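Each remark here refers to the structure printed beneath this line.
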């Protein structure tokens, strides 16, 4: 049932890939590979960081949080997209739809904030290495991570509790999953307050963290330029470039969805843009942030060496 004095709505029809039947097999294959890679990559990172004492540092503490977020974020949407790909009636009940929206928003918001925290961690590590262990001590790391999670829960609760939607007509969502903007497009009631709250929330969870991350990488690049070793500087720039590319994909796709004027029509472009921050970045993050790192590679070799 919809919240408030809304029309009784028991389920929604998710179009997903239905309007492109010729792409169903390709889409299913790509999503399956993406999801399995997300599970394997992020699960491996969490295991290695937990099992190797040498990785019990602030940077890897935040990376383990990021991997856990990505693992959960991918699991919220991709299995459903796989099941609905060949389903004749891809319906989702309203309670399940609202639950999926809530969990996705909470995880996505937490990741936006955590990426800014990770950028701050790297700025301190590179810009002030002598005081790094004192500034980023255990309690500070836990507080920063807990603040990211806590703020995401509060902001998500604010958005969900503000929903007072009245539905009429065909309840068809032109998306692979239930997503708050797609749900608002179906409402017959006034959604201006909800859209304003989404805009305000987006400023604090998308624009400001993204700006902070960009400024952080400028500071990191400035510090890298002081590296006398050409090989060391090139390697550092390469790492920063990969990190920044994934960050731009994540924030850029989310900003293009949530920080633009909303209309009542749902375009196919929107649901494919959501794939970038909902599926692609959870798969890429462990590859870019961790698996290319020599410390993680060393931990992996130790695990492999222990096998009988």
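The backbone N, Cα and C atoms fix where each Cβ goes, glycine too.
Quick look at what TrEMBL annotates:
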DOMAIN    41-289  domain 'G-protein coupled receptors family 1 profile'
TRANSMEM  27-48  transmembrane segment
TRANSMEM  60-78  transmembrane segment
TRANSMEM  98-120  transmembrane segment
TRANSMEM  140-161  transmembrane segment
TRANSMEM  196-218  transmembrane segment
TRANSMEM  239-259  transmembrane segment
TRANSMEM  271-291  transmembrane segment
>> Counting Cβ pairs closer than 8 Å, which of 27-48, 140-161, 196-218, 239-259, 271-291 has the most of them with the transmembrane segment (60-78)?
In response: 27-48
> For the transmembrane segment (271-291) against the transmembrane segment (140-161), do we get 3 or more Cβ-Cβ pairs below 8 Å once near-sequence pairs (under 6 apart) are dropped?
Replying inline: no
> In terms of Cβ proximity under 8 Å, which residues at least six beyond the ends of the transmembrane segment (196-218) contact it?
Replying inline: 109, 112-113, 115-116, 119-120, 122-123, 152, 155, 158-159, 162, 180-181, 240, 243-244, 247, 251, 254-255, 258-259
> If you average pLDDT over the domain 'G-protein coupled receptors family 1 profile' (41-289), what do you get?
Replying inline: 86
